[in-house]
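Novice: First the structure, which I've put down as structure tokens, then a few questions once you've had a look.
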Amino acid sequence: MSVITDIHAREVLDSRGNPTVEAEVYTELGGFGRAIVPSGASTGEHEAVELRDGDKSRFLGQGVLTAVENVNGEIAKAVIGLDVTDQRLIDQTMIDLDGTPNKGRLGANAMLAVSLASARAAADELGLPLYEYLGGPNAHVLPTPMMNVINGGKHADNNVDIQEFMIMPVGAKSLHEAVRMGAETFHTLKSLLQERGESTAVGDEGGFAPNLKNNEEPFEILVEAIQRAGYKPGQDISIAFDCAASEFYNKDTKKYVTVADGREYTAEEWTSLMEDIVDKYPVISIEDPLDENDWEGWKVFTERLGDKVQIVGDDLFVTNTNYLEKGIKMGVANSILIKLNQIGTLTETFEAIEMAKEAGYTAVVSHRSGETEDTTIADLVVATNAGQIKTGSMSRTDRIAKYNQLMRIEEALGSTAQYKGIHSFYNLHKQF
């Protein structure tokens with residue numbers, strides 16, 4: 001047993017220039033771990049609390065000095081002396097210390113930084129790569145990536161309501177090949193947009209952010225880009241998209257108000273529109289198609305489309321086993337998006353992934369729109385054999401860093417590495 005001897009946190013910046021928490025953990029045998037916490041733009045209302053200072057004289061109120069002080073003070077005092085390899089004890093100690101159901105006192109950003117840095121310190125001390133330390137000898141599945149190539153909604157300053165349009169190289173034979181296919185399609189898409197006189201400026205996650213005539217046009221453009229890049233839509237590369245529907249849902253009128261279409265939709269009408277898109281285009285995954293509190297609407301949506309496509313709950317589940325358990329019992333969605341900072345500790349993240357798998361739901365490990373150079377999620381997705389990752393486009397170093405780490409991991413695993421492609425959708429029997 002080697003104990004934690006020191007913890008230090010500081011305020012650094014994320015990819016949007018907003019402050020975030022970085023923590024370092026040191027052990028008595030020389031282990032060292034560093035982790036930086038990401039942050040989201042479209043956040044679920046049930047997420048764990050990201051503690052911000054609110055001091056308008058610093059970073060427009062977005063500073064995190066209080067969270068940093070919580071790490072360097074209360075958390076350090078409680079965690080120093082604990083066995084660095086006892087992740088569950090470290091995380092539970094912080095949960096108990098916080099004492100709130102949503103980590104609102106110490107901040108999920110403070111707790112997650114320590115949780116992740118502790119795991120890295122333990123891996124460093126044992127001389128193991130992080131994915132092997134977290135997942136053991138069975139960690140071998142490389143994820144099928146969701147590559148966000150067209151941005152809309154809160155991730156871009158354009159008129160597209162749907163937040164993310166993604167390509168998934170389901171026909172690739174390896175992660176390396178998947179990255180190449182994605183990059184080729186991304187660059188082909190750029191040329192296509194330029195030909196059409198559209199903007200090729202990129203959004204928060206590295207995808208292009210053009211103004212388009214409606215919410216269906218991006219699907220048409222993606223199909224053409226995939227074909228021009230030399231691939232078959234639906235066979236080599238499929239399409240995934242994230243509505244982030246809570247962001248354009250009017251709670252008073254109970255309608256989905258779209259800018260691109262200039263229309264308002266009831267849940268029934270919006271579901272029918274999504275069904276038409278699935279029938280018309282090579283779509284394999286839809287995230288947050290309805291408002292996060294419309295559980296009955298989600299149930300109907302799942303009944304109508306659940307055997308055709310992966311239906312991912314992000315704002316709906318917020319990486320929380322309580323909400324996931326409710327969804328499983330109701331038959332809502334068939335997949336969960338996993339975001340470390342939605343729940344705040346590594347232990348609780350593992351619990352959510354495990355619960356999803358046991359229920360036959362897939363788990364998609366995800367970045368946030370405000371990212372950093374930290375690559376923990378690349379190791380996490382391999383450690384858990386989750387099979388899918390959502391980590392942005394083929395641009396911006398904060399996104400590419402994760403792909404580069406995954407390629408390193410695939411190389412290190414050698415012949416034991418497995419890229420499942422279409423078979424990572426084990427919740428969709430009709431795909432095989």
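Any Cβ shown, glycine's included, is placed from N, Cα and C.
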Novice: Name the one residue among Lys190, Lys299, Lys308, Lys390 that Swiss-Prot lists for the same (2R)-2-phosphoglycerate site as Gln163, Lys339, Arg368, Ser369.
Specialist: Lys390
Novice: Return the residue out of Asp307, Asp314, Asp315 that Swiss-Prot annotates for the same Mg(2+) site as Asp242, Glu287.
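Specialist: Of Asp307, Asp314, Asp315, Asp314 joins Asp242, Glu287 in the Mg(2+) site that Swiss-Prot records.
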Novice: Using DSSP, would you call Asp242 (Mg(2+) binding site) helix, strand or coil?
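Specialist: In the DSSP reduction, Asp242 (Mg(2+) binding site) maps to strand.
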Novice: Can you tell which of Gln163, Ser369 has the least company, meaning the fewest other C-beta atoms within 10 angstroms of its C-beta, among these binding-site residues?
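Specialist: Relative to the other binding-site residues in Gln163, Ser369, Ser369 has the fewest Cβ atoms within 10 Å.
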Novice: For Arg368 ((2R)-2-phosphoglycerate binding site) and Glu205 (active site, proton donor), what Cα-Cα distance in Å is obtained after rounding to a whole number?
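Specialist: Just about 8 Å between their Cα atoms.
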Novice: By CA distance, which of the recorded positions (Glu205, Asp242, Glu287, Asp314) lies nearest to Ser369 ((2R)-2-phosphoglycerate binding site)?
Specialist: Glu205
Novice: Fill in the CA-CA distance, Lys390 ((2R)-2-phosphoglycerate binding site) to Glu287 (Mg(2+) binding site), as an integer in Å.
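Specialist: Glu287 (Mg(2+) binding site) has its Cα 11 Å from the Cα of Lys390 ((2R)-2-phosphoglycerate binding site).
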